[in-house]
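As given in TrEMBL:
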| type | residues | note |
| --- | --- | --- |
| ACT_SITE | His153 | active site, proton donor/acceptor |
| ACT_SITE | Lys157 | active site, proton donor |
| BINDING | Gly7, Ala8, Ser9, Gly10, Arg11, Met12, Asp33, Gly96, Thr97, Thr98, Ser120, Pro121, Asn122, Met123 | NAD(+) binding site |
| BINDING | His154, Gly163, Thr164 | (S)-2,3,4,5-tetrahydrodipicolinate binding site |
| DOMAIN | 1-123 | domain 'Dihydrodipicolinate reductase N-terminal' |
| DOMAIN | 126-262 | domain 'Dihydrodipicolinate reductase C-terminal' |
Amino acid sequence: MKLVITGASGRMGRMLIETALNTAGVTLHGALDSESSASLGKDAGEFLGKTTGVLISHDAAAVLAGADCVIDFTHPDATLNYLPLCIEQGVNLVVGTTGFDEAGKAALRQASESIGVVFSPNMAIGVNATFKILELAAKILNSGYDIEIIEAHHRMKVDAPSGTALKMGEVVANALGRDLNECAIYGREGHTGVREDTTIGFSTIRGGDIIGDHTVLFAGMGERIEVTHKSSSRQSYATGAVRAALYLETKNTGWFDMQDVLGLKDVTA
Ligand SMILES: NC(=O)C1=CN([C@@H]2O[C@H](COP(=O)(O)OP(=O)(O)OC[C@H]3O[C@@H](n4cnc5c(N)ncnc54)[C@H](OP(=O)(O)O)[C@@H]3O)[C@@H](O)[C@H]2O)C=CC1
Ligand SMILES: O=C(O)C1=N[C@H](C(=O)O)C[C@H](O)C1
């Protein structure tokens, strides 16, 4: 499978290049970065001390020619810029980028009528298992428990709450028959009044080099349950993303998430 990695000099881009180079059946076909990137023209493997023959480029049309799949961990503006070229050239797309607005998500979903798309705010197997655990926890703790979602990430992260925290909120809200758009509380300040029963609160921490911690707290009277996932390396995200690209090898169109890729859709307790 011929893979193109966007955001090639970013934290995830580099991890993805290393993972692609180490995965049997995968060829690094191209590497893209922003037009202002200091890495343009450099070998994509330079940061590993390797020569791959793939030079980091800004010419998306040229790089995408002949590719099978793009893995994109960048910024919503970048993803939506690459999208028409993927459609035009029939190149599948794995999107790990977070922070899309509703219109951006709709554009990706529409693209999946022409190409295969895997869209997931977190590609780690453990996080996707946690989504399942949360579904069950929410169904059991369906009344008498206040739900709060706490996430912590590195100081360079630009979107909040994290895509994973929002997805956790969605999973819990759906399990309880609530609409996250109606029950989410994003931070509190001043005289807030007492907590309303059916709300789901989000708290965001940004600092240092924290890779990604997520906790869903079910706080009852006299006890509390915390479901926590902590990432200690970006490798888990990259491994999941390359697995998603391989999953798309047999697909020409369609909208998928990591639950599809990992075969978790039908897993019930
Ligand atoms: N789904 C998942 O499992 C995970 C998702 N993520 C998400 O992936 C994204 C990237 O994270 P991370 O690697 O830490 O971020 P970085 O800032 O380290 O990397 C982003 C890369 O994208 C490039 N880029 C940014 N804007 C544009 C643009 N408009 N056009 C072209 N290229 C652009 C940057 O280039 P330059 O620096 O030159 O601007 C950089 O190379 C985030 O949305 C994050 O939330 C992260 C980890 C896991
Ligand atoms: O920006 C990050 O680093 C991460 N972003 C994703 C998110 O927003 O959920 C996934 C992971 O938590 C790391």
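Using N, Cα and C of the backbone, Cβ positions are placed for all residues, glycine too.
Projection of TrEMBL feature records onto the structure.
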{"residue": "Gly7", "record": "NAD(+) binding site", "contacts (Cβ under 8 Å, 6+ apart)": "Gly13, Leu32, Asp33, Ser34, Asp72, Phe73, Thr74, His75, Ala78"}
{"residue": "Ser9", "record": "NAD(+) binding site", "contacts (Cβ under 8 Å, 6+ apart)": "Asp33, Ser37, Ala38, Ser39, Phe47, Ile56"}
{"residue": "Arg11", "record": "NAD(+) binding site", "contacts (Cβ under 8 Å, 6+ apart)": "Met156, Arg234"}
{"residue": "Asn122", "record": "NAD(+) binding site", "contacts (Cβ under 8 Å, 6+ apart)": "Asn128, Gly163, Thr164, Lys167, Gly212, Tyr237, Met258"}
{"residue": "His153", "record": "active site, proton donor/acceptor", "contacts (Cβ under 8 Å, 6+ apart)": "Ser162, Ile205, Arg206, Ile210, Ile211, Gly212, Asp213"}
{"residue": "His154", "record": "(S)-2,3,4,5-tetrahydrodipicolinate binding site", "contacts (Cβ under 8 Å, 6+ apart)": "Arg206, Gly207, Gly208, Asp209, Ile210, Ile211"}
{"residue": "Lys157", "record": "active site, proton donor", "contacts (Cβ under 8 Å, 6+ apart)": "Arg206"}
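Screening the binding-site residues Gly7, Thr97, Thr164 for a C-beta under 6 A from any atom of ligand 1 leaves Gly7, Thr97. Taking every pair among Gly7, Ala8, Ser9, Gly10, Arg11, Met12, Asp33, Gly96, Thr97, Thr98, Ser120, Pro121, Asn122, Met123, the residues recorded as binding NAD(+), the greatest CA to CA distance is 21 Å. Apart from His154, Gly163, Thr164, the (S)-2,3,4,5-tetrahydrodipicolinate site neighbourhood in this chain, defined by C-beta within 8 angstroms of the site C-beta centre, holds Thr98, Pro121, Asn122, Glu151, His153, Lys157, Asp159, Ser162, Ala165, Gly212, His214. Per DSSP, the domain 'Dihydrodipicolinate reductase N-terminal' (1-123) is made up of 43 helix, 26 strand, 54 coil.
Ligand 2 lies under 6 Å from the Cβ of Asn122, Lys157, Gly163, Thr164, out of the recorded positions Ser9, Thr97, Asn122, Lys157, Gly163, Thr164. In sequence order, Asp72, Phe73, Thr74, His75, Pro76, Ala78, Thr79 constitute the residues six or more apart from Thr97 (NAD(+) binding site) in its chain with CB-CB distances below 8 Å.
Around Asp33 (NAD(+) binding site), a 10 Å sphere centred on its CB holds 23 further CB atoms from the protein chains shown. For the domain 'Dihydrodipicolinate reductase C-terminal' (126-262), residue counts in helix, strand and coil come to 52 helix, 37 strand, 48 coil, using DSSP. Around the Cβ of Gly163 ((S)-2,3,4,5-tetrahydrodipicolinate binding site), a 10 Å sphere holds 19 further Cβ atoms from the protein chains shown.
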